[in-house]
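Enquirer: One structure coming up, written as structure tokens, with questions to follow.
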């Protein structure tokens with residue numbers, strides 16, 4: 001984890017080249033030439049992404065053969081080089097030296113880290129020997145930006161804290177059936193299925209010249225207000241219709257914030273250095289995982305000790321903090337549309353009208369003809385504003401249209417369409433019975449909220465384990481084979497649920513809690529093994545220029561597939577007559593789910609044959 005976080009900081013690489021000059025009989029001359037470079041990637045090596053620093057102060061400490069300590073001070077030139085040279089008796093020549101950068105006036109690269117002691121080297125080494133240290137560190141993106149990224153992703157993970165309360169609200173207070181509850185969840189999470197729409201709107205319709213922070217504020221308000229109303233107004237949380245509407249609005253805000261912060265990350269990486277892209281994503285996913293673990297642990301505890309409305313109000317602290325943090329990140333306004341809207345004819349018309357009005361103000365006597373002229377000028381100015389407004393609306397519409405068409409053209413390419421079609425089919429052909437299992441666990445198995453929160457924590461740990469296993473052992477496996485194994489594993493997890501429902505585990509002395517914990521960890525780990533190929537294909541298939549929007553579309557397809565799968569699960573539960581207190585056909589529903597798990601295997605030909613976790617080429 002230290003290495004992951006370390007790449008979010010900058011350092012200096014001091015490259016010290018040592019040259020020994022042959023001296024006369026009684027004298028010896030030594031020279032140290034070094035180069036101070038801002039190490040952007042913090043990899044202790046000079047690469048094309050690094051840049052030299054001018055005016056950096058370097059301290060060189062040398063010990064002579066006679067034991068004397070000599071200090072030198074040097075500054076880098078315009079090319080980042082410094083030089084230290086000394087002529088001395090052969091008996092007092094340098095034996096060992098220590099080079100250490102002291103300061104730099106560059107605000108982007110001027111902070112010391114734990115390596116500020118520099119690098120010690122023996123002067124007996126041959127000329128041209130290089131030494132590398134990392135004496136300076138800084139945040140590549142700024143503290144405010146990293147804080148906002150971590151806060152938003154932590155909030156996304158911490159949503160499990162409040163959504164556990166929503167599940168109990170639907171089940172215990174509103175007395176909804178499992179299929180009805182699953183329907184409410186499916187509708188409420190639909191905004192996650194149209195994420196590209198938010199990206200296109202924020203790209204094409206700036207507010208106050210800004211494309212990100214205004215939409216981030218709007219999305220945060222949409223995330224905050226519903227929870228506030230649900231916590232304060234008993235009527236809104238006592239009606240399934242009102243509750244579904246508020247939950248949908250809340251998810252609209254969360255999904256929009258997710259798209260906007262992803263766009264801000266992409267822009268920041270492009271402006272700073274592209275080598276930080278993976279590290280920033282790692283930090284965001286880590287923040288979300290930490291939020292998920294904390295939310296799951298605290299969610300179960302809160303349900304045991306607090307009212308549901310209190311939980312809703314407590315969760316508003318995070319969106320409120322997010323709202324207060326939005327102004328901390330500065331965004332440079334984009335005024336690109338203005339030159340296009342104010343063409344030369346309109347500018348001359350506006351200028352002549354203003355000149356005419358100024359002339360009329362200087363006159364003390366007014367005539368009827370002058371009044372008519374003034375009225376005509378005002379009318380002309382109004383028409384100009386209308387033309388500008390109409391032109392702005394037309395340009396915005398054309399921008400939206402062009403972005404949508406470009407997205408469609410890219411998505412229609414077979415190399416993109418076929419794999420995404422498979423992932424969509426993999427979701428819609430397998431009915432999701434998670435809500436039904438929640439009812440079964442709480443009503444039949446009598447598992448309390450605190451334990452279910454612990455089970456979700458175990459699930460998050462399983463998700464991390466699945467990510468580690470895939471990155472460590474499965475990246476060289478073809479995606480077809482890894483997805484096949486993933487679906488075999490998913491069928492095994494459903495068989496564990498069937499064992500739990502049939503109560504066969506009791507006969508073997510395995511407790512229900514053990515089955516639930518093991519099933520949660522295994523299920524999330526296998527789901528992550530399936531999700532990792534999706535992420536790999538999504539990232540590698542995106543053509544240059546529209547990576548962000550197309551990746552959002554890929555994620556929306558995944559979310560839409562989950563939503564349709566939830567609808568299928570709700571329909572299956574209703575068809576089988578599974579309801580609160582009536583779980584006789586639960587085993588049959590799970591058996592159907594096992595059968596459906598192998599349907600996507602028949603369509604694996606849509607995945608590129610030779611694609612692996614390393615290369616997604618067809």
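Placement of Cβ uses the backbone N, Cα and C atoms for every residue, glycine included.
Keep in mind that this is a model prediction, so the values were computed, not measured.
Quick paste from TrEMBL:
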type	residues	note
COMPBIAS	362-375	compositional bias 'Basic residues'
REGION	353-390	region 'Disordered'
SIGNAL	1-27	signal peptide
TRANSMEM	136-155	transmembrane segment
TRANSMEM	176-194	transmembrane segment
TRANSMEM	214-232	transmembrane segment
TRANSMEM	241-265	transmembrane segment
TRANSMEM	285-304	transmembrane segment
TRANSMEM	421-440	transmembrane segment
TRANSMEM	452-471	transmembrane segment
TRANSMEM	483-504	transmembrane segment
TRANSMEM	516-537	transmembrane segment
TRANSMEM	549-575	transmembrane segment
TRANSMEM	587-607	transmembrane segment
Enquirer: Who are the long-range neighbours of the transmembrane segment (549-575) in its own chain, taking Cβ under 8 Å and residues 6 or more past its ends?
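Expert: Distant contacts of the transmembrane segment (549-575): 177-180, 182-183, 185-186, 189-190, 192-196, 198-200, 203, 259, 262, 403, 407, 410-411, 416, 420, 423-428, 430-436, 534, 538-539, 542-543, 589, 592-593.
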Enquirer: Under 8 Å between C-beta atoms and at least six residues away from its ends: which parts of the chain pack against the transmembrane segment (285-304)?
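Expert: Long-range Cβ neighbours of the transmembrane segment (285-304): 1, 4, 149-151, 153-165, 168, 310-311, 314, 448-454, 456-457, 459-461, 463-464.
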Enquirer: Where among 241-265, 452-471, 483-504, 516-537 do we find the most Cβ pairs under 8 Å to the transmembrane segment (421-440)?
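Expert: If we count Cβ pairs closer than 8 Å to the transmembrane segment (421-440), 483-504 scores highest.
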Enquirer: Compare 214-232, 241-265, 452-471, 483-504, 516-537 by their Cβ pairs under 8 Å to the transmembrane segment (176-194) and return the stretch that comes out on top.
Expert: 241-265
Enquirer: Is the transmembrane segment (241-265) packed against any residues at least 6 beyond its ends, judged by a Cβ distance under 8 Å, and which are they?
Expert: 145, 148-149, 152-153, 156, 159, 166, 169-170, 174, 184, 187-192, 194-195, 198-199, 202-203, 211-212, 215-216, 218-227, 229-230, 235, 280-281, 284, 319, 322, 329, 548, 551-552
Enquirer: Which bits of the chain, at least 6 residues beyond where the transmembrane segment (214-232) starts or stops, bring a Cβ under 8 A of a Cβ in it?
Expert: 162, 198, 201-202, 206-208, 243, 246-247, 249-250, 252-257, 260-261, 264, 309-310, 312-313, 315-316, 319-320, 322-323, 326
Enquirer: Quickly jot the same-chain residues contacting the transmembrane segment (516-537) by Cβ under 8 Å, restricted to those at least six beyond its ends, or write none.
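Expert: Sequence-distant neighbours of the transmembrane segment (516-537): 419, 423, 426, 441, 445, 447, 451, 454-456, 458-463, 465-467, 469-471, 474, 479, 482-483, 485-487, 489-490, 492-493, 496-497, 500, 554, 558, 607, 611, 613, 616.
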